[in-house]
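For reference, the structure discussed in these notes is given below.
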Amino acid sequence: MASKDDKHKGSQGDNKEKRRKESILDLSKYLEKSIRVKFAGGREAAGILKGYDPLLNLVLDNTTEYLRDPDDPYKLLEDTRALGLVVCRGTSVVLICPMEGMEAIPNPFITQEG
């Protein structure tokens with residue numbers, strides 16, 4: 001016969017497992033919109049988000065990869081490569097950002113000489 005403590009521990013484990021399956025990001029607002037994705041290792045790609053799952057596996061269409069400088073793997077070149085429809089593994093995704101509504105700003109931490 002199970003004690004009250006055993007029943008309580010079991011319900012906590014169930015709640016913890018449910019929480020683990022939920023994603024902290026709500027990517028539904030980016031479906032059918034252009035996004036840019038950075039991956040572990042320095043690769044970057046942009047495409048239209050077609051689908052995703054709680055593990056952040058992404059499906060991108062019309063995907064373009066931004067090629068890197070062979071001498072400096074963290075420096076991007078102007079060259080791109082068309083990939084088409086791709087599935088991005090969630091464990092390698094580092095950053096996801098929308099293409100629209102994004103602008104480059106000068107670094108506020110660098111003192112401007114002049």
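Using N, Cα and C of the backbone, Cβ positions are placed for all residues, glycine too.
Going by TrEMBL, these are the annotated features:
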REGION    1-21  region 'Disordered'
DOMAIN    22-102  domain 'Sm'
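When averaged over the domain 'Sm' (22-102), pLDDT in the model lands at 89. For the domain 'Sm' (22-102), the DSSP counts in helix, strand and coil order read 7 helix, 45 strand, 29 coil.
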